[in-house]
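Features of the protein shown, as given by TrEMBL:
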DOMAIN    B:109-330  domain 'MacB-like periplasmic core'
DOMAIN    B:377-493  domain 'ABC3 transporter permease C-terminal'
DOMAIN    B:760-873  domain 'ABC3 transporter permease C-terminal'
TRANSMEM  B:110-131  transmembrane segment
TRANSMEM  B:371-393  transmembrane segment
TRANSMEM  B:422-444  transmembrane segment
TRANSMEM  B:464-488  transmembrane segment
TRANSMEM  B:513-534  transmembrane segment
TRANSMEM  B:757-781  transmembrane segment
TRANSMEM  B:793-821  transmembrane segment
TRANSMEM  B:841-861  transmembrane segment
Amino acid sequence: MKRGFLGELEEVVLLTVAALQEGAYCASITQTIDQQMGRSISFPTVHTALQRLEEKGFVASQMGGATAERGGRQKRLFSVTAAGHRVLIESRQVRAQLWAQIPTPIQQLWGA
Amino acid sequence: MGRLTEGRQGNPYPPHWVNWLLNRFSPVGLEDELQGDLLEMHTYWVKTVGPSRARWRYTLAVLRLIRPFTSSINKQSHNYSEHSTWQPAMIRNYLKIAWRNLLRYKAFSAINIVGLATGMAVAMLIGLWIYDELSFDRQPKESDHIAQVWQIVQFDGQKAAYNVASIPLAQELRSHYPDFDRLALATAEREAVLATGENRFTQTGRFVESDFLPMMSVRMRTGPIKNLTDVNTIVLSQSLSTKLFGSEDPLNHLVRLDNKVSLRVTGVYQDFPINSSFNTIHYLAPWPLFLRIDQGAKSARDNWDENSYQVFAQVKEGASLAQASAKIKDIRMKQENPPPYKPEFFLHPMTQWHLYSNFDNGVNTGGLIQVVWLFSLIGGFVLLLACINFMNLSTARSQQRAKEVGLRKVVGSLRGQLITQFLGETLLLTSLAFVVALGLVQLSLPFFNQLADKQITILWFNPYFWAIGVGFSLITGLIAASYPALYLSSFQPISVLKGSFSAGQQSSLPRKALVVFQFTVSVTLIIGTCIVLRQIDYAKNRPTGYSRQGLLEIPMRTPALMGHFDALRTDLLATGAIQEMAISNMSVTADKTGVTNVSWPGKSPDLHPLFMTNQVSHQFGRTIGWRVSAGRDFSTAFSRDSLAVVVNQSALKLMGLKDPLHSMIHWNGRDLPIVGIINDMIKDSPFGHVQPTLFVLYDASAGVLTLRLTPTMAISDALTKIAGIFQQYDPSTPFAYKFVDEEYRKKFSTEERIGKLATLFASLAIFISCLGMFGLASFMAEQRRKEIGIRKVLGATVLTLWALLAKDFVGLVLLGCVLASPIAWYFLHEWLQSYTYRTQISGWVFVLSGVGALSISMLTVSYQSIKAALMNPVNALKND
C-alpha cells in the first residue's frame, strides 16, 4: 500500500468520515458534504475518494447493517485508521502554523 | 425511458434500465453496497432537488461507476477467468520459448537484432541531426517576427541577393515605416584584438545598435540589457569574459579594442548557442563607437549606396514579415538618383537564415534544407532496409516453428494466443534492438559530431524522441510479426505434424521483391556517394591559378603595422624565412568587394556587370605566383603603374576587347590602361564561375599581408622568426596567421561533409543489406539441407552446389542494380545542376557500383553456400 499526500477533496472526505463516526458510509458522507459544505459533490467522486483513501491506508472499511431505506442491502462502513488520524492532525497543524503567520491586524481586518 | 413514478408514497423510483446496467456491470464485489448507497442517494436527491434531476444524477452516477476500469477495492482477491491469454504461467512460457529461440539460433538472432539496431541507430542519428538543423535560430522569443534586410540587385540581367544594406536605409525604415518594433544596424562579423593587461585575444564580434540585444533575446549574465548606448562600452560573451578576466567580475573593467580605444565592460552575456547564426559572436560593441573609429563609416553615413552593413528588424506583434517585406521593396528606388543595379529590398526571416540561404537569380532556392531532405530520405531508406531485413528473416525463420505451432494447437492453444505469442516475441526483439540502437548512437555520437561538425546529444528528456522511438519499434514489430503471427497460426495442425507442410512458392516471392528493393536502395546510395566524391575531387583538381603551398596570410588590424610595410618587409626578408611578401586590400581566398561602375571602349550603355576588385602592392603577383598570360605584372620600374590595372581572363572575356593591352578602362572617373592579363584565379567558390576581376595598386587602406615562406626552411622555424619580427613592430597584437591552402580547403567543407556522411550511410546500407542476405542464404541452405545431401551423394561437386545456391541471389542483386541506375542518375543529375563547375556522370560509375554490390553480395552468399556444399551428406540424411 502506498502512502501519499492528502488531496483537498480527500481531506474533506476523511474529515467527514471522522465526524460521522459509526455512521460513515458512502451515501451518508456524500449527503453530509452536500449539506454542510454547501458544495455540490457527486456520489462517484466521493466513492473514488474513499477507495483511494483506503488504498493509502487512511481509512478502513467493513460491511455493516442493512436498513430498509436501502432495499435491505449492506453498507460498507468506513472508519479512520491511525495513519488517517495522524495525517489529519498534521494537516491541521500546518494550517494553524500558516494562520499564525498572518499578522493579527490583518486577521482583524478580515474579520477573522 | 424509465418509468416516472412508482411506489406508494409518490416516491419516484430510479429508471429501470439504469438499474439493469448497475446490476450487470458494477465493479465485482461492490454490487450490494453500491446499489444500496445509490438507492439512498436517490431518495435524498428527490427530496433536495426534485425527481427529474434526481433521475439525471442517478443515471450519471451509475454511468460513472460502471466504467470498465473503475478500480475495485477487492480486485486482488478475484480469480482469473479460466481461458485468459494473460495467464502468468502462459506468459512465462512464451518468454521462455522466446529466450530459448533467441539462444538456439544465436547467429540468426544476432543478425536480426544488429541489423535492425544499426538501421535504427542511423535513423536516430539522422533524426537528431535534422532536429538540430531545424532548431537553428529559434532562440529569440520573437524569432518568427525577426528578419534581416536583404537586397536583390541586377547586374547585366542577372540578379543576385546580398544580405547588406546602407546606413540611411536603416534611418528611413525607422522614421517612415511603422511596421517595425525594433531595428538594429550592425556590422558584419569582424575580428578584433581584445586586450586587458597581458591577456590578448583575437575574437569575432559585431558593432550593433542597442536594439540588437533585446531583439535577439541576448541573455545577460550581468549588466542590464539596455547598455550599449554609451560610446565607450562593450559587452562580452561569458567565454571571452572568462578568458580575459578569469573568475573576476569584469563589470566596469577596461578592455582595449584593436589597440585603438579603451572600452568599459558593461555586461556579460551567455554565449550564443551553437545552433545560432551568431554563435561566433563573442563581443558586442556599440554602433556609435563604430561611427567614430571606422574610416569608411563616416562617408557611409549618408550614402545610400554604401551597402556594407547589416540591418536586423523585428516587426510589430500582428504585422506579418511578408507584408512588411513587400512594403520596403522599392525603398531605394523612391530616393534620389536610384542606382543602375535597381536594388529590391526584402526581409529574410530569421527562421530561414540557416536552412534557406541560397538565392539564384533573386529567387530563394533553399540551401541546407535540401541536404536535410536528402538525409531524411537516406535515413528513412536505411531504416526501411533494416525493417525489411528484420521482416524477411523473421518470416523465413518462422517456418521452422511450424511444428511448435502444430503442437500448441493440439494441446489447446487458441489462435488468438498464438498470435499474441508471436507478436510478443517480435516486440521483444524490436525492443532489444531499440536498446542496442540507443547504445550504438551514444557510442558513435562523438565520431558523428566530429564528422558533421555539431554538438548533438541524445534527447534523453524529450518526450517526442521517446514517443517516436518506442512507437517506431512497436510498428516495426507489428509489421514484422504480422506475417508469421497470422500465417503460422492458421496452419492445420495435422498437416504440419504429419510433415506434409511446406512453404510454397508464394511465400518466397515477397521476400525476393524485398531483396530487390534493398539492393536498389543500396546501389543507389553507392552510386550517389561515388558521384559526390568525384565531384569534390573534380573541383579540388581544378587549377587555382596561383600556388597555395607555403602561403601565409596575416590580417592587419592595428595601426602599428599600417605605415611600416616596407620596413617590415625588409626585416622579414632579412630573416630568410620568407621569399616575398605583399599587402593587399582583400585576402586571396575571398571575393568580397565588387563594383559596377566600370566601363570600357565598346561597352553598351545599359550593361552594368559586376567586377570584383582588389588593391594590391607591387609584390602581390610574385608572392602568390599568379600566371601572367599577356602583358606584364605591376612593376616599380613604371611609375605610371599607380594608375594601371591588371585584369583576369574572365574580365577580358566579358569586355571583349580586341587589343586589350592597348586599351583603357574607365573606373571611378579615371582612365586606367590595362598592363597585364592574368589567368583566372579561384578566390570564391571552387564550384562556381571565376568572377571578372580588376587589380589595381594599393593605396593604403586596411588590409591583409600575404607571405610566401621559404620552402627550404622548416615551417615552425620560419613561423618563430616571423612572429619575432611582428612582435617588434606590433607588440600589442597576438601574432595570428592563416595558411592559404587551409583556407582554400575550407571552401570544400560542406561538400566534403556531405561526401563523408554519404559514404558512411551508403556503407551502412550495404552492410545491412548484406546482413539480411547472409541470414537469408543461411536459411535457404538450411532448408535445402536434404536436397544438397542427396545431390552430393549422387555426385554433385562443390562448385555446382555453390552455383545452385548462389544463382538465386545473383538475379535479385542484378535486378536491383538495373533499377537503381536510372534513379541514381536522375537525382545526381539534379544535384550536379546546382554547381556551375561540375563533373560528368560517366557510365563506369554505374558499372563499378553494380559490380561492387554484386561481388560483396556474392561473398556473403558464398560463405553460406560453400559451408552447405562442404557438409557431410550423412549428417543431413541420417535422420530419415
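Positions of Cβ are set from backbone N, Cα and C atoms, glycine also.
Just so you know, TrEMBL annotations are computer predictions that nobody has curated.
With Cβ pairs under 8 Å as the measure, the transmembrane segment (B:841-861) is packed most heavily against B:793-821, out of B:110-131, B:757-781, B:793-821. Listed as Cβ neighbours of the transmembrane segment (B:513-534) (distance under 8 Å, sequence separation of 6 or more from its ends, same chain) are residues 378, 381-382, 384-385, 388-389, 391-392, 751, 754-755, 758-759, 761-762, 765-766, 768-769, 772-773, 776, 809, 812-813, 815-817, 819-821, 823-825, 827-828, 831-832, 839, 841, 845-846, 848-850, 852-853, 857.
Within the chain carrying the transmembrane segment (B:793-821), a Cβ under 8 angstroms from the stretch's Cβ atoms is held by residues 512, 515-524, 527, 773, 777, 780-781, 784, 846, 849-850, 853-854, 857-858, 861-862, 864-866, 868-870, 873, 877, all 6 or more beyond its ends. Applying DSSP to the domain 'ABC3 transporter permease C-terminal' (B:377-493) sorts its residues as follows: 100 helix, 0 strand, 17 coil. Helix, strand and coil counts under DSSP for the domain 'ABC3 transporter permease C-terminal' (B:760-873) come to 98 helix, 0 strand, 16 coil. Summarised as a single figure, the pLDDT of the domain 'MacB-like periplasmic core' (B:109-330) averages 87.
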